[in-house]
């Protein structure tokens, strides 16, 4: 039917729009009052001779009705069908039929389809035995492998035709506003597709589950925004996989919460020296942990940050904002005081050595209480001197902390990030600065790239990781150690090895860069799948390697602890060589007091860690 007219009948009778409407009206009049039977039944019982009008016979009316009824749905009564037929005759190009309108503009072919049409005939001749599906797969792969320079021709042709299509479509809307309006109206009135029994059951069970297990924040948000149709998404990773993922992302190991040292036979100053060393070591590790944890938090998403902070229960731990690295905590320098800088602290440090010489019988805690009383009894005029020193030292400390913050190295980039950075300009130009579309296209291209094409970017990512580790180690190390080229060790124990075969296998897969092109979630899933498919012989081999490393770790740990004990026993013999008379005891305490004021140095053993001693 064109412009409201149907095709001519076999007897060359022309049916106008008015004739067709009269036909439908005559059929409606001849239908029973309560038409509730199937339309085919009513159609077979209809008396077509009563329907005939003007020069159209009953047979002609029946034939024309068969032609019209093909254009409408037939799963309703004949009365309802006639209403649709009347609507179709008045608006033949509404809804999906709009694109059949002779003036409706043709959509431009996509760049890939242009390439497909151009190359299909050539490949069909080269591979006549292939089906259309196989040819499509080959051409799709060829298009993905096509360089950007060659793709540019197809993209430019598509952009030109798209601009013409937009212009023609706007003109069509102006010429046929009623058709476009009816199309939009019908599109909005399309009934929802019927749901399957499984979908109905799933929706019912999901509602019941959310009622019994509500996430309060998400529940409130879903109630406020029902149009978003959001779900409460949970992580699919197990606890062990999540820990391994966090470790590979750079999450630091948590330091010991406190110092608990009890050695039999360690007394007096040797025990205090021991405890002082371990307190300083734990304090240093906690500060390093804060720096590394802040850097780790800055490198992950906001949801992951909330998860990590919730797991750690870090009350009072202020994470750095991912938008501004300057807000993150930095590791204090080696010269920063170990205790809070205050006027009373400065006063105590000044008076403590003299008081220790005068009152050697007092313990450290008794000395501290005595110094506190002396500070409280001090006049405001004398306190002013120490308060000025407090202000100066605090400003110097804050300045050093700020310098350390500014010296934090940039986070290392992945191979995909480096590649995307090199091609982002081309993709933004292709998608007219539409960043989300360009990002999706780059991710799709990266996922389809072969491993040999990614090797160059994987190597660059490895170099960037080495650069980051080098800069971070330089930042941690004091200036004297950096100048001498030695790496300072803050921990006495060796690096902890993998605890089982699967962990060893996972570390190997994560470190060799083979799966770096996958997102972390898919990477962990792939590692788990490969481990399941691994023969039992290979699993046993990894298990054996992990056990050997565990044994070696225990030996090295025992050796480092024995070196520590030897060092402190030597110190004890040196301090207890003379008989302990009152006079010699005072001298010994005075010697220890002087030793405390000397700077610490480090002794490097051949196999063990660095241990602090006094000059």
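Positions of Cβ are set from backbone N, Cα and C atoms, glycine also.
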Quick check on the annotations: TrEMBL lists region 'Disordered' for one of 215-240, 241-266, 267-292, 345-370. Which range is it?
241-266
How about long-range neighbours of the compositional bias 'Basic and acidic residues' (241-254): same chain, 6 or more residues beyond its ends, C-beta under 8 Å?
235, 288-289, 292-293, 295-296, 299-300, 308, 312, 496, 503, 506, 510, 520, 524, 528
Give me the mean pLDDT over the domain 'HMG box' (409-476), rounded to a whole number.
84
